[in-house]
Amino acid sequence: MGRWSGPSTVLVCLLLLRLPPLPACPAACRCSSSGEVDCSARALHEVPQGLATNISSLWLGYNFITVLGPRSFPALPGLLLLSLPHNRLGLIHPQALVGLGALQELDLSNNYLTVLTPETFLPLTSLAKLNLGSNRLEELEPEVLQSLPQLQALLLQDNPWVCSCDILPLWRWLSHNREKVQEKTFLQCKVPEQLNKYPIMAFGNESFRQCQETSLSAQHYLVFLTIGPFSFLASIFFCTFMGFITVVYHNMRREPHFWRRPCICKGH
(Lines of atoms letter the chains of each structure in order from A and count residues from 1; the text may use other names and numbers.)
(Lines give C-alpha, C1' and ligand atoms only; values in the text may rest on other atoms or scores of the structure.)
Protein backbone atom coordinates (compact mmCIF):
# COMPACT_ATOMS: atom_id res chain seq x y z
CA MET A 1 0.00 0.00 0.00
CA GLY A 2 2.85 2.29 0.76
CA ARG A 3 4.24 2.07 -2.74
CA TRP A 4 1.11 3.77 -4.13
CA SER A 5 1.32 6.65 -1.74
CA GLY A 6 4.00 8.41 -3.76
CA PRO A 7 2.22 8.54 -7.15
CA SER A 8 -1.12 9.31 -5.48
CA THR A 9 0.36 12.28 -3.68
CA VAL A 10 1.86 13.59 -6.92
CA LEU A 11 -1.47 13.17 -8.70
CA VAL A 12 -3.34 15.09 -6.00
CA CYS A 13 -0.78 17.88 -6.12
CA LEU A 14 -1.12 18.16 -9.91
CA LEU A 15 -4.90 18.35 -9.63
CA LEU A 16 -4.66 21.10 -7.03
CA LEU A 17 -2.31 23.07 -9.23
CA ARG A 18 -4.76 22.90 -12.14
CA LEU A 19 -7.69 24.20 -10.07
CA PRO A 20 -8.48 27.87 -10.80
CA PRO A 21 -7.78 30.21 -7.89
CA LEU A 22 -10.80 31.31 -5.85
CA PRO A 23 -11.78 34.96 -6.44
CA ALA A 24 -10.81 37.38 -3.69
CA CYS A 25 -13.47 38.24 -1.12
CA PRO A 26 -13.03 40.96 1.55
CA ALA A 27 -13.12 39.67 5.09
CA ALA A 28 -16.15 41.82 5.97
CA CYS A 29 -18.23 40.60 3.05
CA ARG A 30 -20.05 37.52 1.83
CA CYS A 31 -19.31 36.48 -1.73
CA SER A 32 -21.24 34.06 -3.92
CA SER A 33 -20.19 32.08 -6.95
CA SER A 34 -22.64 34.11 -9.07
CA GLY A 35 -20.56 37.27 -8.56
CA GLU A 36 -22.63 38.92 -5.83
CA VAL A 37 -20.75 40.57 -2.95
CA ASP A 38 -22.76 41.53 0.13
CA CYS A 39 -21.04 43.95 2.53
CA SER A 40 -24.23 45.36 4.07
CA ALA A 41 -24.45 46.37 7.74
CA ARG A 42 -20.78 45.72 8.51
CA ALA A 43 -20.01 49.10 10.13
CA LEU A 44 -17.75 49.96 7.20
CA HIS A 45 -16.36 53.51 6.89
CA GLU A 46 -15.03 53.03 3.36
CA VAL A 47 -15.31 50.73 0.38
CA PRO A 48 -13.60 47.45 1.29
CA GLN A 49 -10.34 46.57 -0.41
CA GLY A 50 -9.63 43.33 -2.22
CA LEU A 51 -12.74 43.17 -4.40
CA ALA A 52 -12.53 40.70 -7.27
CA THR A 53 -12.64 42.30 -10.70
CA ASN A 54 -15.32 39.93 -12.00
CA ILE A 55 -18.12 40.72 -9.54
CA SER A 56 -21.58 41.66 -10.87
CA SER A 57 -23.33 43.10 -7.78
CA LEU A 58 -21.99 44.99 -4.76
CA TRP A 59 -24.15 45.71 -1.72
CA LEU A 60 -22.80 48.35 0.69
CA GLY A 61 -25.96 49.58 2.40
CA TYR A 62 -26.41 50.35 6.10
CA ASN A 63 -22.79 51.28 6.78
CA PHE A 64 -21.01 54.49 7.82
CA ILE A 65 -19.41 55.54 4.51
CA THR A 66 -19.23 59.36 4.37
CA VAL A 67 -17.04 60.03 1.31
CA LEU A 68 -16.33 58.36 -2.00
CA GLY A 69 -12.87 59.61 -2.86
CA PRO A 70 -11.08 59.41 -6.22
CA ARG A 71 -11.09 55.86 -7.56
CA SER A 72 -12.81 54.43 -4.49
CA PHE A 73 -13.45 51.29 -6.52
CA PRO A 74 -11.02 49.17 -8.53
CA ALA A 75 -11.78 48.65 -12.20
CA LEU A 76 -14.90 46.47 -12.19
CA PRO A 77 -15.81 45.93 -15.85
CA GLY A 78 -18.58 43.46 -15.02
CA LEU A 79 -20.31 45.33 -12.18
CA LEU A 80 -23.98 45.88 -13.00
CA LEU A 81 -25.44 46.89 -9.63
CA LEU A 82 -24.00 49.12 -6.89
CA SER A 83 -26.09 49.69 -3.77
CA LEU A 84 -25.11 52.32 -1.18
CA PRO A 85 -28.33 53.26 0.67
CA HIS A 86 -28.52 54.23 4.34
CA ASN A 87 -24.94 55.40 4.73
CA ARG A 88 -23.73 58.88 5.69
CA LEU A 89 -22.55 59.72 2.22
CA GLY A 90 -22.17 63.48 1.77
CA LEU A 91 -19.51 63.81 -0.94
CA ILE A 92 -18.75 61.97 -4.17
CA HIS A 93 -15.48 62.89 -5.87
CA PRO A 94 -15.73 63.42 -9.68
CA GLN A 95 -13.30 60.49 -10.12
CA ALA A 96 -14.94 58.18 -7.57
CA LEU A 97 -16.86 56.05 -10.08
CA VAL A 98 -14.17 55.69 -12.72
CA GLY A 99 -13.89 52.08 -13.91
CA LEU A 100 -17.60 51.27 -13.51
CA GLY A 101 -18.62 51.81 -17.13
CA ALA A 102 -20.87 48.73 -17.24
CA LEU A 103 -22.94 49.78 -14.21
CA GLN A 104 -26.68 49.70 -14.89
CA GLU A 105 -28.21 50.42 -11.47
CA LEU A 106 -26.99 52.77 -8.73
CA ASP A 107 -28.74 53.28 -5.39
CA LEU A 108 -27.62 56.33 -3.37
CA SER A 109 -30.84 56.80 -1.42
CA ASN A 110 -31.06 57.78 2.26
CA ASN A 111 -27.76 59.63 2.43
CA TYR A 112 -26.58 63.20 3.06
CA LEU A 113 -25.90 64.33 -0.51
CA THR A 114 -26.40 68.07 -1.07
CA VAL A 115 -24.50 68.76 -4.31
CA LEU A 116 -23.90 66.69 -7.44
CA THR A 117 -21.83 67.85 -10.40
CA PRO A 118 -22.06 66.67 -14.03
CA GLU A 119 -18.66 64.98 -13.64
CA THR A 120 -20.00 62.75 -10.86
CA PHE A 121 -21.81 60.30 -13.14
CA LEU A 122 -19.85 60.94 -16.33
CA PRO A 123 -18.11 57.49 -16.26
CA LEU A 124 -21.48 55.68 -16.00
CA THR A 125 -22.34 55.56 -19.69
CA SER A 126 -24.53 52.45 -19.27
CA LEU A 127 -26.50 53.51 -16.17
CA ALA A 128 -30.23 52.84 -16.58
CA LYS A 129 -31.58 53.36 -13.03
CA LEU A 130 -30.52 55.99 -10.49
CA ASN A 131 -31.99 56.40 -7.01
CA LEU A 132 -31.27 59.74 -5.30
CA GLY A 133 -34.27 59.66 -2.99
CA SER A 134 -34.16 60.80 0.65
CA ASN A 135 -31.03 62.92 0.44
CA ARG A 136 -30.53 66.64 1.11
CA LEU A 137 -30.74 67.92 -2.44
CA GLU A 138 -32.25 71.41 -2.71
CA GLU A 139 -31.59 71.69 -6.44
CA LEU A 140 -30.08 69.60 -9.22
CA GLU A 141 -28.44 70.80 -12.40
CA PRO A 142 -29.93 69.14 -15.52
CA GLU A 143 -26.37 68.58 -16.79
CA VAL A 144 -25.99 65.94 -14.06
CA LEU A 145 -28.76 63.91 -15.68
CA GLN A 146 -27.82 64.73 -19.26
CA SER A 147 -24.48 62.97 -18.68
CA LEU A 148 -26.41 59.66 -18.43
CA PRO A 149 -27.42 58.77 -22.01
CA GLN A 150 -28.99 55.40 -21.08
CA LEU A 151 -31.00 56.61 -18.08
CA GLN A 152 -34.50 55.09 -17.98
CA ALA A 153 -35.59 55.36 -14.34
CA LEU A 154 -34.91 58.21 -11.90
CA LEU A 155 -36.02 58.49 -8.26
CA LEU A 156 -35.79 61.91 -6.57
CA GLN A 157 -38.43 61.67 -3.85
CA ASP A 158 -38.12 63.05 -0.31
CA ASN A 159 -35.55 65.76 -0.96
CA PRO A 160 -35.90 69.33 0.43
CA TRP A 161 -36.40 70.99 -2.97
CA VAL A 162 -36.28 74.79 -3.03
CA CYS A 163 -38.97 75.90 -5.47
CA SER A 164 -37.51 79.23 -6.60
CA CYS A 165 -36.49 80.40 -10.05
CA ASP A 166 -33.35 78.25 -9.68
CA ILE A 167 -35.42 75.08 -10.04
CA LEU A 168 -36.67 76.11 -13.49
CA PRO A 169 -33.94 74.19 -15.45
CA LEU A 170 -34.66 71.00 -13.48
CA TRP A 171 -38.42 71.43 -13.97
CA ARG A 172 -37.89 71.73 -17.72
CA TRP A 173 -35.84 68.52 -17.78
CA LEU A 174 -38.45 66.68 -15.71
CA SER A 175 -41.24 67.95 -17.98
CA HIS A 176 -39.48 66.61 -21.07
CA ASN A 177 -38.57 63.29 -19.42
CA ARG A 178 -41.72 62.39 -17.50
CA GLU A 179 -41.47 58.75 -18.48
CA LYS A 180 -38.13 58.47 -16.67
CA VAL A 181 -39.25 59.99 -13.38
CA GLN A 182 -40.69 57.48 -10.93
CA GLU A 183 -42.94 58.37 -8.01
CA LYS A 184 -43.73 61.82 -9.43
CA THR A 185 -46.14 62.65 -6.61
CA PHE A 186 -43.31 62.57 -4.07
CA LEU A 187 -41.39 65.34 -5.82
CA GLN A 188 -42.56 68.10 -3.51
CA CYS A 189 -41.36 71.57 -2.61
CA LYS A 190 -39.91 72.16 0.84
CA VAL A 191 -39.16 75.88 0.53
CA PRO A 192 -40.75 78.46 0.48
CA GLU A 193 -43.22 77.73 3.23
CA GLN A 194 -46.28 78.66 1.17
CA LEU A 195 -45.31 75.96 -1.36
CA ASN A 196 -44.42 73.30 1.20
CA LYS A 197 -45.50 69.84 -0.07
CA TYR A 198 -46.62 71.30 -3.40
CA PRO A 199 -45.88 68.79 -6.25
CA ILE A 200 -43.13 70.07 -8.51
CA MET A 201 -44.65 68.34 -11.54
CA ALA A 202 -47.87 70.33 -10.99
CA PHE A 203 -46.16 73.58 -12.01
CA GLY A 204 -46.89 75.00 -15.46
CA ASN A 205 -45.15 77.47 -17.73
CA GLU A 206 -47.13 80.33 -16.19
CA SER A 207 -45.62 79.50 -12.79
CA PHE A 208 -42.20 80.53 -14.07
CA ARG A 209 -43.30 83.48 -16.23
CA GLN A 210 -41.72 86.04 -13.92
CA CYS A 211 -38.46 84.05 -13.83
CA GLN A 212 -38.34 83.91 -17.63
CA GLU A 213 -39.10 87.61 -18.02
CA THR A 214 -36.53 88.79 -15.50
CA SER A 215 -33.78 86.34 -16.33
CA LEU A 216 -30.79 87.98 -17.97
CA SER A 217 -27.99 86.42 -19.93
CA ALA A 218 -24.30 86.87 -19.18
CA GLN A 219 -24.03 89.29 -22.13
CA HIS A 220 -26.69 91.53 -20.57
CA TYR A 221 -24.83 91.65 -17.28
CA LEU A 222 -21.59 92.49 -19.12
CA VAL A 223 -23.25 95.40 -20.92
CA PHE A 224 -24.62 96.73 -17.64
CA LEU A 225 -21.23 96.49 -15.97
CA THR A 226 -19.64 98.37 -18.87
CA ILE A 227 -22.25 101.13 -19.12
CA GLY A 228 -22.44 101.70 -15.36
CA PRO A 229 -19.07 103.47 -14.81
CA PHE A 230 -19.52 105.63 -17.92
CA SER A 231 -22.99 106.67 -16.81
CA PHE A 232 -21.63 107.58 -13.39
CA LEU A 233 -18.87 109.80 -14.86
CA ALA A 234 -21.29 111.39 -17.30
CA SER A 235 -23.71 112.23 -14.50
CA ILE A 236 -20.91 113.91 -12.50
CA PHE A 237 -19.87 115.98 -15.52
CA PHE A 238 -23.46 116.97 -16.26
CA CYS A 239 -24.14 118.01 -12.66
CA THR A 240 -20.92 120.06 -12.53
CA PHE A 241 -21.74 121.80 -15.82
CA MET A 242 -25.30 122.60 -14.74
CA GLY A 243 -24.05 123.94 -11.40
CA PHE A 244 -21.62 126.24 -13.21
CA ILE A 245 -24.37 127.53 -15.52
CA THR A 246 -26.66 128.15 -12.53
CA VAL A 247 -24.03 130.17 -10.66
CA VAL A 248 -23.28 132.30 -13.70
CA TYR A 249 -26.99 132.92 -14.29
CA HIS A 250 -27.57 134.12 -10.72
CA ASN A 251 -24.53 136.41 -10.85
CA MET A 252 -25.87 137.99 -14.01
CA ARG A 253 -29.23 138.68 -12.35
CA ARG A 254 -27.79 140.15 -9.14
CA GLU A 255 -25.03 142.35 -10.68
CA PRO A 256 -26.17 143.51 -14.12
CA HIS A 257 -23.84 146.53 -14.01
CA PHE A 258 -20.90 144.22 -13.93
CA TRP A 259 -21.57 143.30 -17.54
CA ARG A 260 -22.09 146.89 -18.82
CA ARG A 261 -19.34 148.57 -20.83
CA PRO A 262 -17.55 151.39 -18.93
CA CYS A 263 -18.60 154.94 -19.95
CA ILE A 264 -16.11 157.84 -20.17
CA CYS A 265 -17.91 161.10 -19.57
CA LYS A 266 -16.50 164.57 -20.55
CA GLY A 267 -16.17 167.12 -17.81
CA HIS A 268 -17.87 170.57 -18.13
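The count begins at 1 with the first shown residue.
Cβ from N, Cα, C; glycine included.
Just so you know, TrEMBL annotations never went through curation; they're auto-generated.
Look at TrEMBL and you will find 1-24 tagged as signal peptide. The domain 'LRRNT' feature in TrEMBL is assigned to 24-57. Annotation source TrEMBL lists domain 'LRRCT' at 159-212. The feature transmembrane segment is assigned by TrEMBL to 221-249.
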Counts by DSSP class (helix H/G/I, strand E/B, coil) across the domain 'LRRCT' (159-212):
32 helix, 9 strand, 13 coil
Mean predicted confidence [pLDDT] for the domain 'LRRCT' (159-212):
91
